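Colleague: Taken from TrEMBL, the feature domain 'Response regulatory' applies to 12-128. Marked as 4-aspartylphosphate by TrEMBL: 61. Positions annotated as coiled coil by TrEMBL: 135-165. What TrEMBL lists as domain 'PAS' is 172-244. The domain 'PAC' annotation in TrEMBL covers 248-300. TrEMBL lists 311-526 with the feature domain 'Histidine kinase'.
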């Protein structure tokens, strides 16, 4: 941006527009009164910011290929040197949610295509003037601060200096009011000596404050703060003012302009004189009603999940354990017919499947409430893989599962959780792989860690499904619906969470020619002692 001491008659404008036709139209409108530089893509505009002085105004097409105008706006707002750069978004979409999204991204103004050239020019010049005023205010503030330091250093007080101080105070008040207009918060200033309260203009729309003039704080609070909160707010504010505090914070309910109670947060800075008496208090009131509603909904979801844990852990696990034990005992009895043995065996498999679902639900809830707990110990990764495969083979005696191992498998991990990873991946391959083809499981030790690969042939995972493969409550595509073991869609999600908790990664690739392979990479924390048994 320019370093002029007066507004430039020809502000410098950078235009982002990928359409050559619309770029020519926009340039034709702005060129008579502005210096316009055109960029066809967002990346080149961002790059130019690194090598050239920023413009007075940016005019960005909201939707451009590659780096969009909306993304450029967010980048500009996130960079300290360009955070205050005026941005005008151009768009052909007039939906309110698009406008809200653009303003939330940091845009100062909006213009809808097709626009009237005179309107666009007026908006650009208005933003340029506002930008100059902001820079001028900053320069004046710096100059005022420097003059204050000089005044204190020479310890003189003359009438002229008093007049200068009054002028600086007036300019400071003007800057305060400009800043208050630029924020959504309601800014207020209170003078303890007179008990007068002055609100920013933005407070009128939100809180219904008078559009001009000062009001008495006590009377205003009595009318607007919720009766249940009033005494606490009064007490805390009085303690902050009468004590030595430099700040004050309060969360309470406040009557809004629409006549409904708002959840608000107020923060204030207390200015004191040399004796420690409060002489000025400047604060901001923020409407947090929407955020509180979201927090309440999140608490309700959390409460529901906790209830689900109770149901799953007590009302399901215990009966399932009893059914499973009883079925196991029945299988050991003599005299059962072949049909009866098959029926009891089916009960055993079904209860084991239900137990796995219960375990997955419990793990899912733990992840949602903060993460899976790990209990690492020294172990042999190869041994854990082989033991988990043996369990899967016992559940699917008619299937072929091959296991190969190589390299050093020693490390420090949670053996039970990694056994769960192997079991879920092998079970997934058994459920969705070709039933007459073997499942291949390979574990390999490297210097940096260990690698697990689980491979199966059969119908590949659709490309459209791969991006959400590890998301919770996602099951196979319709033609992948399990032939053997229906699930609730948490197995692969839990695999990723366990692997991430160990600092590793899990990926999947799937094609018709090569089949489907899941690959787990785990970093190796070196063991401190001889490896423990994977199930010990």
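Glycine is no exception: its Cβ is also placed from the backbone N, Cα and C atoms.
These figures come from a predicted structure and were not determined experimentally.
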Colleague: Using a Cβ-Cβ cut-off under 8 angstroms and a sequence gap of six or more, which residues of the chain neighbour residue 61 (4-aspartylphosphate)?
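Modeller: The list for residue 61 (4-aspartylphosphate) reads 16, 17, 18, 19, 22, 69, 89, 90, 91, given in order along the sequence.
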Colleague: Averaged over the domain 'Response regulatory' (12-128), what pLDDT does the predicted model reach?
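Modeller: A mean pLDDT of 90 is what the model gives the domain 'Response regulatory' (12-128).
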Colleague: DSSP secondary structure for residue 61 (4-aspartylphosphate), reduced to helix/strand/coil, please.
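Modeller: Note: residue 61 (4-aspartylphosphate) is in a strand by DSSP.
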Colleague: With DSSP as the reference, give the number of residues of the domain 'Response regulatory' (12-128) in helix, strand and coil.
Modeller: 55 helix, 24 strand, 38 coil
Colleague: With DSSP as the reference, give the number of residues of the domain 'PAC' (248-300) in helix, strand and coil.
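Modeller: Within the domain 'PAC' (248-300) the tally stands at 12 helix, 30 strand, 11 coil.
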